[in-house]
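Visitor: Sharing a structure here in structure tokens format.
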Amino acid sequence: MDSRDIPPSHNQLQPPPGMLMSHYRNPNAAASPLMVPTSTSQPIQHPRLPFGNQQQSQTFHQQQQQQMDQKTLESLGFGDGSPSSQPMRFGIDDQNQQLQVKKKRGRPRKYTPDGSIALGLAPTSPLLSAASNSYGEGGVGDSGGNGNSVDPPVKRNRGRPPGSSKKQLDALGGTSGVGFTPHVIEVNTGEDIASKVMAFSDQGSRTICILSASGAVSRVMLRQASHSSGIVTYEGRFEIITLSGSVLNYEVNGSTNRSGNLSVALAGPDGGIVGGSVVGNLVAATQVQVIVGSFVAEAKKPKQSSVNIARGQNPEPASAPANMLNFGSVSQGPSSESSEENESGSPAMHRDNNNGIYGAQQQQQQQPLHPHQMQMYQHLWSNHGQ
């Protein structure tokens, strides 16, 4: 017996039950098919990628992607992957095409390169024009009149229509003026401001409107209804806060007359404020500058009632135009209880072309102003009447 042939030992490890093993003769021999686990799944195939041209690799990837898409569609039941079922791919191809279209950024051009306007008006639809024509023809048969088509709405211009401001003045009962010109009147120390304004109005037939003034006064006579005498005289240094008024021209029986009024608000040395209508002197304590404006008022002719015309009565004389705003009550003359102011004989704001300046005693005979003249600045002081 050869020593090389060693009999198998009884102590050799036996395979566990349930496992088949081949005979231990050749360890390098191929494994028995009994050792290979059985499986119903197909083996995973790993295709080799060519290392050649890059274009070939891209083509291979595209073919593989198409195969995967076809299998996915078949598994979902959307088709067999044929070209007829390609549009049902959830819009993937449409999205890819939209991404390929380049979108222009920014606002579109208003003018084309040739210089013409790119944004033109859309032409009128022929259906709309035909409908409008048929509507006009139908209106002819129904109404029997002229069946013209409805004109397009006219574009309305922006701003106030011409002539509307004059209508507003007519509604307020006033008239407009023309040729407004500003002026500055210099009043020296010790001069009467009211007399200066009246002297300035004598230079022409224009209406005077007092706008403002700056300076101080030393003596002023004001009309105040709360006082027992009705007229109060203040002496001292008073700063002018506001000075306003007007000088009006009006005709009575063919003669031109002037009538004016003046209102002032003054600040005393102790901080108190006094004011009212000026009925006498307004003496300047320092040099005073008065800013006035002159213009030509367009007076309206009074309307004659049909009753007066039928009876042959003369119409009422025209009074001062009502468009001027009176910035204070018109002085009707000093009160009979104050004798000191009557004896002073200070000039008032009434003047006639024939008689000149009326004194304080003659003011009661002067014709009063138009009753429609307005009162302003009455709320600035509680003691002011009218």
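Think of each number as a place in line: the chain as shown, counted from 1.
A Cβ is built for glycine as well, from the same backbone N, Cα and C atoms used for every other residue.
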Visitor: Identify the motif 'Bipartite nuclear localization signal' range according to Swiss-Prot, selecting from 39-47, 102-110.
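Guide: Of the candidate stretches, Swiss-Prot labels 102-110 as motif 'Bipartite nuclear localization signal'.
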Visitor: Just to be sure I understand, if DSSP states are collapsed into helix, strand and coil, how many residues of the domain 'PPC' (174-316) fall in each?
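Guide: Residue counts for the domain 'PPC' (174-316) by secondary structure: 15 helix, 85 strand, 43 coil.
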Visitor: May I have the DSSP-based helix, strand and coil counts for the residues of the motif 'Bipartite nuclear localization signal' (102-110)?
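Guide: Its residues fall into 0 helix, 0 strand, 9 coil.
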